[in-house]
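Enquirer: Checked TrEMBL, it gives:
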| type | residues | note |
| --- | --- | --- |
| DOMAIN | 1-341 | domain 'FMN hydroxy acid dehydrogenase' |
| BINDING | 29-31, Ser59, Gln89, Thr117, Lys204, Ser226, 267-271, 290-291 | FMN binding site |
| BINDING | Tyr91, Arg126, His228, Arg231 | glyoxylate binding site |
| ACT_SITE | His228 | active site, proton acceptor |
Amino acid sequence: MLRDVSLAEFDSTTRLFGRDYSSPLVVAPIGVQAQLHPADADCATARAAADLEIPFTLSSATSRPLEKVHECVGFAKEGEEDGVDAWFQLYWPRDDELTESLLARAKKAGYRVLVVTLDTWNLGWRPRDLDTAYNPFLTGEGVANVFSDPLYQKDPRRPDATKDEITQASIAAIAQLSPGVSRIWSDLTHLRQLWGSTSPIVLKSIQTVADAARAVEAGMDGVWASNHGGRQVDGAVASLAQLPAIADYIHSLPRKQHAERKTVIFDSGVRCGADIMKALCLGADAVAVGRPWCWGLAVNGEEGVRDVLKTLLADFELNAGLAGFQSTKELGRHALVRADGRL
């Protein structure tokens, strides 16, 4: 017989970076959203996430300036206990001055958590994009944060701009967001100084325990297990296969008095409630979703994103309840059986 779960609502509450959230779901950073919904782009996704109290992560390659996206929702700012907060994902620019400017803008706007992507210092070989000549950046899409930065005198996308002017300016912006320069661990010291000692930083694209350990040594507040949705390294190991060992290491770390536990976030391949449940059972504190809500955005804008996120949450809670659980805190490896009989 199942445990009696019929009289209680499923408790999805999750604690991340010292804050309590209503669910373990996170909106993953995805750029160039104007390609999916030209009218609202990132603002539509941000509003849908805020409405459901889900943390929203803004990509560096946004279609709208980071200040505008934050303002269109009215996210909570640093130090405010109420309201849903927004996170900012950084593609680490080549130019240190631009890095400093972007982080200063993000802090001033109110973004609370910095998500640093490590695996996209150069774009992977993407045959489908190459076959269709898909590169929206060349037309000025996805570079709003660079074009709106004070280091740039003016946005080149003015009405009288020629196609060549926009293309050349866009190439310069792309060179900043995907610079072809791989950062090293010691560079994180400067990033911490810029973001502040008390504001959370999580490293995205962690795939090994060794890198998770280096992240902790560098003073990071969490790790994000991800293979970039399989878009960077062809034949890369699945993030889910790496998650248990990474989570075991992070959660085994001794906690200093009054310090928050280091956070483990997972993404890549999440399509349904059962996927969310499996990731949590394998040690993730939160699960980030990207492509599914993109489909919703393309079909029906803000409402489409909201429908996809609500469906994922309902599917997860129902699945966990049917399996006999009442809370995310009850989930663990004991709830899983591998197809080959091993865990």
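Residue numbers in this text run from 1 along the chain shown.
Placement of Cβ uses the backbone N, Cα and C atoms for every residue, glycine included.
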Enquirer: Nearest of the binding-site residues to Arg126 (glyoxylate binding site) by CA-CA distance, picking from Gly31, Gln89, Lys204, Asp267?
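Expert: Given the candidates Gly31, Gln89, Lys204, Asp267, the nearest one is Gly31.
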Enquirer: Would you list the other residues of this chain near glyoxylate - those whose C-beta lies within 8 angstroms of the C-beta centroid of Tyr91, Arg126, His228, Arg231 - in sequence order?
Expert: Asp119, Thr120, Leu123, Gly124, Gly229, Gln232
Enquirer: Measure from the CA atom of Arg231 (glyoxylate binding site) to the CA atom of Arg271 (FMN binding site) and give the result in Å, rounded to a whole number.
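Expert: Rounded to the nearest whole number, the Cα-Cα distance is 16 Å.
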Enquirer: Round to a whole number and give the Cα-to-Cα distance in Å for the pair Asp267 (FMN binding site) and Arg231 (glyoxylate binding site).
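Expert: For Asp267 (FMN binding site) versus Arg231 (glyoxylate binding site), the Cα atoms are 13 Å apart.
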Enquirer: Let me know how many other Cβ atoms fall within 10 Å of the Cβ of Arg231 (glyoxylate binding site).
Expert: 17
Enquirer: Between the Cα atoms of Lys204 (FMN binding site) and Arg231 (glyoxylate binding site), find the distance and write it as a whole number of Å.
Expert: 14
Enquirer: For each of Lys204, Arg271, count the other CB atoms within 10 A of its CB; which of these binding-site residues has the top count?
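Expert: Result of the Cβ crowding comparison: Lys204.
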Enquirer: Quick one: mean pLDDT on the domain 'FMN hydroxy acid dehydrogenase' (1-341)?
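Expert: Reported value for the domain 'FMN hydroxy acid dehydrogenase' (1-341) is a mean pLDDT of 88.
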Enquirer: Where Arg291 (FMN binding site) and Tyr91 (glyoxylate binding site) are concerned, what is their Cα separation in Å, rounded?
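Expert: Rounded to the nearest whole number, the Cα-Cα distance is 19 Å.
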Enquirer: To the nearest whole angstrom, state the Cα distance for the pair Gly269 (FMN binding site) and Arg231 (glyoxylate binding site).
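Expert: One finds 11 Å between the Cα atoms of these residues.
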Enquirer: Of all the binding-site residues given, namely Pro29, Gly31, Gln89, which is spatially nearest to His228 (glyoxylate binding site) at the Cα level?
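Expert: Ranked by Cα distance from His228 (glyoxylate binding site), first place goes to Pro29.
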